[in-house]
Amino acid sequence: MAKSTTAFTCTACGASHKKWAGRCDACGAWNTIVEEAPLSQGPGRGLGAHKGRAVPLSSLQTTEAPPPRHLAGMDELDRVLGGGLVPGSAVLVGGDPGIGKSTLLLQGAAAFARRGLQAVYISGEEASAQVRMRAQRLGLADAPVRLGSETNLRDILTTLDNERPDLAIIDSVQTLWSDQVEAAPGSVAQVRAAAHELVTFAKRKGVAIFLVGHVTKEGQIAGPRVVEHMVDTVIYFEGERGHQFRILRSVKNRFGPADEIGVFEMTGSGLAEVANPSALFLSERGQPVPGSAVFAGIEGTRPVLTEVQALVAPSTLASPRRTVVGLDSGRVSTILAVLEARCGIPFAGLDVFLNVAGGMRVNEPAADLAIAGALLSAREDSALPPDAVLFGEISLSGALRPVAQAENRLKEAQKLGFSQAILPDSQKVEGAGGMGTRRIADLTGFVGEVFGAG
Ligand SMILES: Nc1ncnc2c1ncn2[C@@H]1O[C@H](COP(=O)(O)OP(=O)(O)OP(=O)(O)O)[C@@H](O)[C@H]1O
Ligand SMILES: [Mg+2]
Ligand SMILES: [Zn+2]
């Protein structure tokens, strides 16, 4: 039967540990391990006797058409959902506190409701009056969204079962509590139990459910990662402090491509969709300056141009600074090492600062060449051609490797007024569409071609 020994759980990733530790060895987070009663194991142990019921099995064939998707009419949201909302699906929306999750989902709920869907918004964090104030500020007071304020999971499920809406927003999963779990609200056990109940309800009753989850850096509150595996779609709402841009990014989607992004701008009257993010991310560019390189990237199915900026300066520190924002710092270290080892261009004794303009995050390896370009340009104090975009992956040997969707990258660059692309020699391009291409075999060739040195 159920054994009730205490266990230790990481609130960031949900891993269980035998004893307490300062750092979780599963995800590397610090101060996230807390003591928690384990979920009771029930009579599920020792299945040797097979006393279950046989599950009916069926073939893979179906004559049923896929369920129609619901469009919110907010393109940036619909795209990230994989082309609209799938009925009965469970969507987790994670993000830092205050980034705009409630705003996004209230606007989303209103958009769906105005197109005839029954939408319910349950807030466990704010009183209904507070949500109404926000709705008023966003100009959504007339949208037929039904609003409730509750944290008791049992009451919420009963309400949803009575109402049977098309979609329900639960803001947030960390505030819910189930009387069947002996743990505090926000604990891993409670958050998992609540998410499990809601996801099961969504599938069984065909109600699409959005769960809001706050990203927590440390402490007692479980982060959204502990429920990622239960839901169909995981999207994160990101943004840099001090920037008004917000990026909605799908990291998992059972019903569409992952890695799609939607771009919004936070304004006093809510989130405004940004239909042309490339123009936005490049809008802060002035005259050509050393240290700037334009990367022709792809986010999901959409090309997005961003500016990689580097600053390289003599360091007074024994181990010089490597400050990287919006790029993978491991990737940057590798590129610095390749520049040194393969091209003989050392960065020792130099502070390096790198970032992506506009608060964007770039994860593609295709950005390697733009990163190298920005670094070299800053170090040599020589601007790259202002009409050029760059893309290409750099291998440890210094060779340039081709990347996916070259045509889309070139097309977007041309649309924004660029006339040439610096890209790998081995890149196949079917129709550059009027863009000039400068093909480069390896990093040494790049240095020679662009900066006139071997
Ligand atoms: N009156 C206002 N004018 C302009 N922007 C506002 C206004 N009120 C709020 N905001 C913006 O909305 C953001 C908060 O949005 P929201 O409450 O949707 O975030 P959240 O992610 O749900 O936060 P929480 O973690 O508190 O639930 C603020 O950080 C601010 O940028
Ligand atoms: Mg909120
Ligand atoms: Zn962990």
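Heads up, the Cβ atoms here are built off N, Cα and C, so glycines get one too.
The shown structure was predicted, so the numbers you read here are calculated from the model rather than taken from an experiment.
According to its DSSP assignment, Gly95 (ATP binding site) is in a strand. Residue environment of Gly95 (ATP binding site) contains 23 other Cβ atoms, counted within 10 Å of its Cβ in all protein chains. What TrEMBL records for Gly95, Asp96, Pro97, Gly98, Ile99, Gly100, Lys101, Ser102 is ATP binding site.
Feature annotation from TrEMBL assigns domain 'RecA family profile 1' to 66-215. When pLDDT values are averaged over the domain 'RecA family profile 1' (66-215), the model yields 95.
Residues or ranges marked as region 'Lon-protease-like' in TrEMBL: 351-454. Across the region 'Lon-protease-like' (351-454), DSSP classifies residues as 38 helix, 25 strand, 41 coil.
The motif 'RadA KNRFG motif' annotation in TrEMBL covers 252-256. Here the motif 'RadA KNRFG motif' (252-256) has, by DSSP, the following mix of helix, strand and coil residues: 0 helix, 2 strand, 3 coil.
Cβ atoms within 8 Å of the centroid of the Cβ atoms of Gly95, Asp96, Pro97, Gly98, Ile99, Gly100, Lys101, Ser102 (the ATP site) belong to the same-chain residues His214, Phe237, site residues excluded.
Taking a Cβ cut-off of under 6 Å from any atom of ligand 2, the binding-site residues Gly95, Gly98, Lys101, Ser102 reduce to Lys101, Ser102. Around Ser102 (ATP binding site), the C-beta neighbours below 8 angstroms that are at least 6 residues distant in the chain are Ser123, Glu125, Glu126, Val131, Arg134, Asp171, Val212.
Put plainly, the binding-site residues Gly98, Ile99, Gly100, Lys101 were compared by Cβ crowding within 10 Å, and the winner is Lys101.
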